[in-house]
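Visitor: This is the structure, below, for whatever I ask next.
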Amino acid sequence: MIRADGRRPDELRQVTILRGWQEHAEGSALISAGRTRVLCAASVTTGVPRWRKGSGLGWVTAEYSMLPRATDTRNDRESVRGRISGRTHEISRLIGRSLRACIDLKALGENTIAIDCDVLLADGGTRTAAITGAYVALVDAARWLGRPDAIITSVSAVSVGVVKGEAMLDLAYSEDSTADTDMNVVCTGADGFVEVQGTAEGTPFDRTMLDSLLDLAVRGCAQLTAIQTEALRGPVPAGPPRPGGAR
C-alpha cells in the first residue's frame, strides 16, 4: 500500500535536525519530520528543586507547547486561557521521563536542565518529534556544562498505527486522525523501551498486530538514532558563555 504522501508503510517521513538553532540556549535543535517542526531548547541552571537538594543528583525536566498557528486553525495560547490542558501536561511529563532515561543524574551533579519543546508546525507526531529533537539539545547542554559523560544512551520516539488494516510507521495527521490504532513508542539506542502508549480507536488489535507495530517502531527508532548521531557529529555550537566565562 502506497500512502498519500508516497511513502511505503514502513517508511519514516524525511527527518532533519539542525543544532544550535536558538543561540541563547545551552543546547538547541530544530527537528523537522515531514511537515511537523518542533524547536527544542535546553537551559542549564545551577542547583536543583528544593526536594532534590543535598542528594547529589541532578534533574531534567521538560515543557511542551504549541504555537497558536501550528495547526490549520488558530488556538489560543494556554497562558491566555489561564490553564494548561491535560494533554500538554501529559506530553510534558512524557518528554521529561524519556530524557531522564538517557542520563545519569548523579554524573550531572546538582544541576538542572530544562527542555522547552515548542511546536512550530503540527502535522502529526509532535510529541515523538519533540523527544527525538530534545535528546540532541540535551546532549549539547550536557557538553556545555562540561559533563558529556552524563549521557549514557540515546533516546528517540516514533508513532506507529493501524490504518485501513495495515501497520504503518510515523503517521502524518491525516493518517493519525483516521487510524484504527495509534501508538507512540520511545526507545533507547540499545533497543530498550522507555514508554509504549497505544490505543485502539475502534477495532481492538491482537498480539500479532502489536508485535508488528513494535517491530516497526524499533526499526524507525534505529533510523532516528542514526540521524541524531549524525547531527551530533559536528562541532558543538558556541551558545552562551560557559561556566567560568570561557566559550
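Cβ atoms here come from the backbone N, Cα and C positions, even for glycine.
Sharing the features that Swiss-Prot gives for it:
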| type | residues | note |
| --- | --- | --- |
| BINDING | R87, G125, T126, R127 | phosphate binding site |
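Explain the structural surroundings of these features, please.
Guide: Around G125 (phosphate binding site), the same-chain residues six or more apart in sequence whose CB sits under 8 Å from its CB are R13, A33, G34, T36, V158, S159, D170, L171, A172, D176, listed in sequence order. Look at G125 (phosphate binding site): DSSP puts it in coil.
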Visitor: Counting Cβ atoms within 10 Å across all protein chains shown, which of the binding-site residues R87, R127 comes out on top?
Guide: R127
Visitor: From the centroid of the CB atoms of R87, G125, T126, R127, the recorded phosphate site, which same-chain residues not already listed sit within 8 A by their CB, in sequence order?
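Guide: Other same-chain residues with Cβ inside the cutoff are Y64, I91, V119, A122, G124, T128, A129, A130, N184.
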Visitor: Return the residues near T126 (phosphate binding site) by Cβ distance under 8 Å, restricted to its own chain and a separation of at least 6 in sequence.
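Guide: Looking at Cβ-Cβ distances below 8 Å from T126 (phosphate binding site), excluding near sequence neighbours, one finds T36, V38, M66, A70, I91, V119.
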